[in-house]
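Heads up: the structure comes next, in structure tokens.
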Amino acid sequence: MENYLEEELIIGGIEINYLYVCKTKLWYFVRGITMEQESDFVDLGKFLHEKSYFGEEKEVQIGSIKIDFIKKRDVIEIHEVKRGKQMEKAHIMQVLYYIYYLNSLGIKSKAILHYPKLKEIKEIELKENNKEEIKRAIKEIEYIKSLKEPPEPIYQKICKNCAYYELCFI
């Protein structure tokens, strides 16, 4: 695998997630404008994360990524706990980035998404086509970071519950 750790992989998983949720939110976030502390949905997600999967070491930081918890098996299992599947594409891309990142360090891994409220889990493995999408996502994040103004927000159903709603639409 090509080594992209020089600068491309200083991106965090939340940035990958936000790219697939909302590019405007990503732009605010990378500038340190964080509104999540105002969100009841973020609080609910933190509660689920803290109360789920007892006995697991939580929030494992490896370089620029922060994983909910890991298990050591034949490969490293990356575990992410999510509240619901409404933004499943963003969740999948986030954990694919984690796998990609760890692979660049020579660490074999796979990911497991947990949806405790739905009592579902989803196993994710990095495929060749995913690597290309991750590379494109990294380039797009770098482009969004370079913008002097936020991208024009595109209203979605999720916007009404977003912590950044007022910055975008009021």
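Just so it is clear, glycine is given a Cβ too, placed from its N, Cα and C backbone atoms.
Remember, predicted model here, so these are calculated numbers, not experimental data.
Here Swiss-Prot flags CYS22, CYS159, CYS162, CYS168 as [4Fe-4S] cluster binding site. Look at Swiss-Prot and you will find HIS49, ASP68, GLU80 tagged as Mn(2+) binding site, backed by similarity to another entry.
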Same-chain residues at least 6 positions away from CYS168 ([4Fe-4S] cluster binding site) with a Cβ under 8 Å from its Cβ, in sequence order, are THR24, PRO153, CYS159, CYS162
Which entry in the list of binding-site residues, CYS22, CYS159, CYS162, has its Cβ near the fewest other Cβ atoms, using 10 Å as the limit?
CYS159
Euclidean distance between Cα atoms of CYS22 ([4Fe-4S] cluster binding site) and ASP68 (Mn(2+) binding site), Å
22
Cβ packing number for GLU80 (Mn(2+) binding site), 10 Å threshold
22
ASP68 (Mn(2+) binding site) has how many other Cβ neighbours within 10 Å of its own Cβ?
23
Non-site residues, in chain order, whose CB comes within 8 A of the mean position of the CB atoms of CYS22, CYS159, CYS162, CYS168 at [4Fe-4S] cluster:
THR24, LYS25, PRO153, TYR155, GLN156, ILE158, TYR164, TYR165, PHE169
What whole-number Å value do you get for the CA-CA distance of GLU80 (Mn(2+) binding site) and CYS22 ([4Fe-4S] cluster binding site)?
20
Indicate whether CYS168 ([4Fe-4S] cluster binding site) is helix, strand or coil by DSSP.
helix
If H, G and I count as helix, E and B as strand, and all else as coil, what does DSSP give for ASP68 (Mn(2+) binding site)?
strand
Under DSSP, is CYS159 ([4Fe-4S] cluster binding site) part of a helix or a strand, or is it coil?
helix
Conformational class of CYS22 ([4Fe-4S] cluster binding site) under the three-state DSSP mapping
coil
